[in-house]
Amino acid sequence: MKLTVIGTGYVGLVTGACLAEMGNAVTCVDVDEQKIARLREGILPIYEPGLETIVTENQKQGRLRFATSLADPGAEAPVYMIAVGTPPGEDGSADLQYVLAVARDIGRRISQYTVVLDKSTVPVGTAERVAGVIRGELQQRGLSVDFDVVSNPEFLKEGDAVQDFMRPDRIIIGSDSERAREVLRELYAPFMRTHERIIFMGVRDAEMTKYAANSMLATKISFMNEIAGLCDRMGVDVENVRLGIGSDSRIGYSFIYPGAGYGGSCFPKDVRALIQMARQTGFEPMLLNAVEARNHAQQRVLYQKILQHFGPQLAGRSFGLWGLSFKPGTDDMREAPSTVLLRDLIASGARVKAYDPAALEVARRDLPRTWFESGQLQLVEQQYDALKGADALVLITEWKPFRHPDFTLVKTLMKSPIVFDGRNQYDPAQLRGLGFTHIGIGRGGEAIT
Ligand SMILES: NC(=O)c1ccc[n+]([C@@H]2O[C@H](COP(=O)([O-])OP(=O)(O)OC[C@H]3O[C@@H](n4cnc5c(N)ncnc54)[C@H](O)[C@@H]3O)[C@@H](O)[C@H]2O)c1
Ligand SMILES: O=c1ccn([C@@H]2O[C@H](COP(=O)(O)OP(=O)(O)O[C@H]3O[C@H](CO)[C@@H](O)[C@H](O)[C@H]3O)[C@@H](O)[C@H]2O)c(=O)[nH]1
């Protein structure tokens, strides 16, 4: 099938490359000309395991091509997929300017039946707005062309994006049009070889499904972080509680890891956008408010534990930070808990040496210049270099190389053997046996007053 994907970020590039891999002829369009020029040379704008190989191979085979505009002659297709950003506006609601700009562009181009798929995360009612914009453009052109706008939210996780796209738990298709449903049944047929994965529903239902899924997962995390806070104060080890409740199949083991709070470009923004959607209907979302508030507090828990241990004077102290990206497997630092901790540590006069396996370039580009100029933040290329002369090691992103470090070496490098374990990666008893002070999240006996 011939397809055009608009936006080549995490979602657009993965979608385009994976659909090309399934034999489709895909054009990926992005207004960022530099990004497109680099993609044509096989240089990816993001770090995502397994993506480079399929982008390169499919480009070589001619199934995947890149363009800077829908006006590109090869970009005309019976299916358009919108995968542009929907960043938070000032009040937290989703900013739809990029989605609506694409809708206008589509309305200016189509001349035969077209399916417009919305893969971006958008508030309930957006498909109707997109259809209205396309209709308006067609009217201006004096044309009557059939088209359907379908909600097809994306559920991939960064770091596992290719795998998630290729083996989706489900494919949500929001549309009442039988004609559009038929096109999508055909498009997604290669993903149904083991079992049926498409769930058809109304377009508004599909738009809500995306927000409900992310908010449910964020709720599980905030709930667990709240329990961890209690465990800290009550001499309980939350890791045993996690295993205990996860074994109940009604609860399950996934998304109940306590830590330094959730981050990334999805959970924080989507929970806030759903809160705004609720308020616009006059409905106060009490649970979502609490999920958001708990996460806000949780992103500062490591800093509070550091203050509790060292006292309020952090000037002159030096910390080794392991992890900058918001989760392992990505270089994405959007709303990363590491940035909240860095802001607090730097404001209190501390110095930080930070290492991350993938996000150093993004950190160098995006973090405030003054942090580097003051000498308070230094990025290092090797994980142990972050620890030289450090008062403490702070682990905030659980990349694999941090899971079993050489603690004997760690100890010789550091000024004092203290570990703030923001993702509960280490066995406290084992670390204590090696002469470390271990401070985790909800491991009991580490009460914050
Ligand atoms: N990142 C994820 O893991 C993920 C997963 C599921 C859903 N989503 C949702 O998918 C959407 C895209 O997210 P992302 O992380 O891929 O975004 P992104 O910011 O990484 O990429 C968006 C791309 O769209 C391009 N763009 C903007 N306006 C354009 C236009 N008019 N024409 C062509 N290109 C244009 C930008 O240049 C950019 O390259 C968002 O709504 C997000 O919430 C993201
Ligand atoms: O038990 C857990 C699981 C995750 N996290 C944190 O939650 C955040 C989000 O993690 P994850 O969901 O793995 O990554 P994302 O790439 O943000 O993916 C989420 O957001 C995407 C964008 O909407 C959706 O498509 C995915 O289904 C959804 O999992 C990260 O900061 C994690 O550290 C925890 O603190 N505890």
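Here, residue 1 is simply the first one shown, and the rest follow in order.
For all residues, glycine too, the Cβ spot is worked out from N, Cα and C.
Unlike curated entries, TrEMBL annotations are predicted automatically.
Marked as NAD(+) binding site by TrEMBL: Asp30, Lys35, Thr86, Thr121, Glu158, Lys269, Arg334. Counting only same-chain residues at least 6 apart in sequence, those with a Cβ under 8 Å from the Cβ of Glu158 (NAD(+) binding site) are Tyr10, Glu48, Gly264, Lys327, Gly329, Thr330, Asp332. DSSP classifies Glu158 (NAD(+) binding site) as coil under the three-state reduction.
Under the heading substrate binding site, TrEMBL lists Phe155, Leu156, Lys157, Glu158, Lys210, Phe255, Ile256, Tyr257, Pro258, Gly259, Gly263, Lys327.
Summarising the annotation, TrEMBL assigns active site, nucleophile to Cys266. Taken residue by residue with DSSP, Cys266 (active site, nucleophile) is part of neither helix nor strand, so it is coil. Within 10 Å of the C-beta of Cys266 (active site, nucleophile) we count 24 further C-beta atoms, all protein chains included.
Annotation source TrEMBL lists domain 'UDP-glucose/GDP-mannose dehydrogenase C-terminal' at 320-428.
Checking the recorded positions Lys35, Thr86, Lys157, Gly263, Cys266, Lys269 for a CB within less than 6 Å of any atom of ligand 2 leaves Lys157, Gly263, Cys266, listed in sequence order.
Distance from the CA of Lys210 (substrate binding site) to the CA of Lys269 (NAD(+) binding site) is 12 Å. For the domain 'UDP-glucose/GDP-mannose dehydrogenase C-terminal' (320-428), the DSSP-based tally of helix, strand and coil residues reads 39 helix, 19 strand, 51 coil. Proximity to ligand 1 (Cβ under 6 Å from any of its atoms) holds for these binding-site residues out of Glu158, Lys210, Ile256, Pro258, Gly263, Arg334: Glu158.
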